[in-house]
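All remarks here apply to the structure that follows.
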Amino acid sequence: MPGSLPLNAEACWPKDVGIVALEIYFPSQYVDQAELEKYDGVDAGKYTIGLGQARMGFCTDREDINSLCLTVVQNLMERNSLSYDCIGRLEVGTETIIDKSKSVKSNLMQLFEESGNTDIEGIDTTNACYGGTAAVFNAVNWIESSSWDGRYALVVAGDIAIYATGNARPTGGVGAVALLIGPNAPLIFDRGLRGTHMQHAYDFYKPDMLSEYPIVDGKLSIQCYLSALDRCYSVYRKKIRAQWQKEGNDNDFTLNDFGFMISHSPYCKLVQKSLARMFLNDFLNDQNRDKNSIYSGLEAFGDVKLEDTYFDRDVEKAFMKASSELFNQKTKASLLVSNQNGNMYTSSVYGSLASVLAQYSPQQLAGKRIGVFSYGSGLAATLYSLKVTQDATPGSALDKVTASLCDLKSRLDSRTCVAPDVFAENMKLREDTHHLANYIPQCSIDSLFEGTWYLVRVDEKHRRTYARRPSTNDHNLGDGVGLVHSNTATEHIPSPAKKVPRLPATAAESESAVISNGEH
């Protein structure tokens with residue numbers, strides 16, 4: 001039948017396509033949310049309890065979306081002893097736009113110049129916070145297609161989330177995540193298990209090309225987020241049940257079947273509400289709920305309609321309480337980065353994934369299914385899942401990816417706490433200068449983490465030049481990921497279809513290393 005899947009299609013696909021390595025970057029300073037409450041003159045607990053936020057990372061005028069992505073990509077390549085010639089696709093998901101024509105990806109190509117590798121597919125993808133997930137799906141689709149040449153795909157999700165002075169400002173943050181996608185991965189994408197919902201909505205958008213600030217309809221944004229979750233979860237449940245039925249399993253899928261459940265996190269409290277929302281869906285979908293002890297005390301809500309409950313405080317309170325243990329077991333750990341650094345837009349949900357991988361051992365993760373809900377305003381949303389490999393032995397791919405993130409909490413704790421008035425001054429400086437030509441950033445580079453790329457200048461033609469703060473640490477982790485390429489740091493296997501120049505493992509750049517996105 002035209003358009004149908006061949007019966008032997010899976011035999012043609014690479015095995016266990018998924019996330020091989022993951023790197024996260026956030027700036028070296030933050031503002032304390034409790035102190036920000038005092039500075040803003042709001043009730044104590046409005047940000048820390050009401051939103052669930054403890055700290056909010058931010059960047060000075062020395063960092064922009066290009067520098068964030070340069071930093072996270074080079075850190076990933078160095079930490080995993082990867083050669084730049086082993087990347088065949090590079091795609092960036094971001095909504096932080098500093099050029100309406102030139103992509104962030106094209107700026108990242110400067111890192112590949114010395115290798116001579118220019119045969120790299122992919123470009124930027126944009127739809128609010130969903131662009132990173134769209135880029136991930138494109139990478140997976142490339143590897144599972146006739147276009148794949150045997151090399152890795154690299155996905156970068158990054159953003160600077162800032163808001164005008166007011167109620168939305170404490171929901172900001174900044175960061176970037178790089179994901180290495182390939183076969184034989186420790187975190188495997190479940191094939192055929194994506195529940196997607198797309199819809200037209202003006203819940204959050206950025207129509208002013210001269211401003212970094214969005215226009216936000218807060219109430220509509222929450223409704224869109226939760227309604228998209230309802231629909232995505234419904235589609236996902238139907239698809240996995242169909243798979244199970246083919247295997248002889250006639251059970252309904254519920255939250256209990258996820259080992260972990262992570263979600264896009266504008267702020268932590270909304271993620272807790274989203275898990276309660278999924279629990280409500282399970283409750284309404286269970287034909288035998290009156291006999292299921294997990295739903296004890298919820299009988300009065302058996303006839304509610306999902307579309308009537310988005311702002312029903314009684315429903316919200318009851319199901320948050322009833323799902324609290326599930327939240328603690330499956331979701332709470334994923335909020336480490338969100339709680340400590342804030343919203344990272346496209347990279348938010350992947351920061352949540354990093355948080356889980358950083359806090360559990362390979363043995364605790366092995367064999368688990370991780371649910372992932374990605375949401376971008378406007379709107380685009382998908383709920384999909386990752387299956388963790390069973391191999392948790394020392395030196396395994398899973399062991400390597402968790403080891404690479406074991407310092408996540410210490411990195412968060414190593415940042416500098418900045419007073420709210422200094423934070424406000426930095427926000428005003430960005431507001432006044434982010435769009436300027438012929439501009440030299442005013443802030444010092446001394447406070448940046450080692451190995452951080454930063455903005456040196458913007459010339460009179462808006463061309464941006466960057467440099468990297470020297471790093472004294474050796475980022476390499478011995479053999480690296482060691483899957484598609486050789487385990488030897490000085491030998492790398494490029495695409496089997498194309499011979500490109502070989503490059504030894506990248507060393508930290510010298511202090512004088514400068515790159516530019518201009519054609520000069």
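Cβ atoms here come from the backbone N, Cα and C positions, even for glycine.
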CoA binding, same site as A44, G45, K46, S221, K269, K273 - Swiss-Prot member from N107, N167, N328, N341: N167
Per Swiss-Prot, D43, A44, N167, T171, S221, H264, K273, N343, S377 bind (3S)-3-hydroxy-3-methylglutaryl-CoA; matching candidate in C12, C129, C406, C417: C129
Swiss-Prot annotation (region 'Disordered') - matching range among 451-485, 486-520: 486-520
Cβ neighbour count (within 10 Å, all chains shown) around K273 (CoA binding site): 21
For S221 (CoA binding site), the number of other Cβ atoms found within 10 Å of its own Cβ: 21
Secondary structure of A44 (CoA binding site) (DSSP, helix/strand/coil): coil
Least surrounded among the recorded positions, given as D43, E95, when other CB atoms within 10 Å are counted: D43
All-chain count of other Cβ atoms within 10 Å of H264 ((3S)-3-hydroxy-3-methylglutaryl-CoA binding site): 31
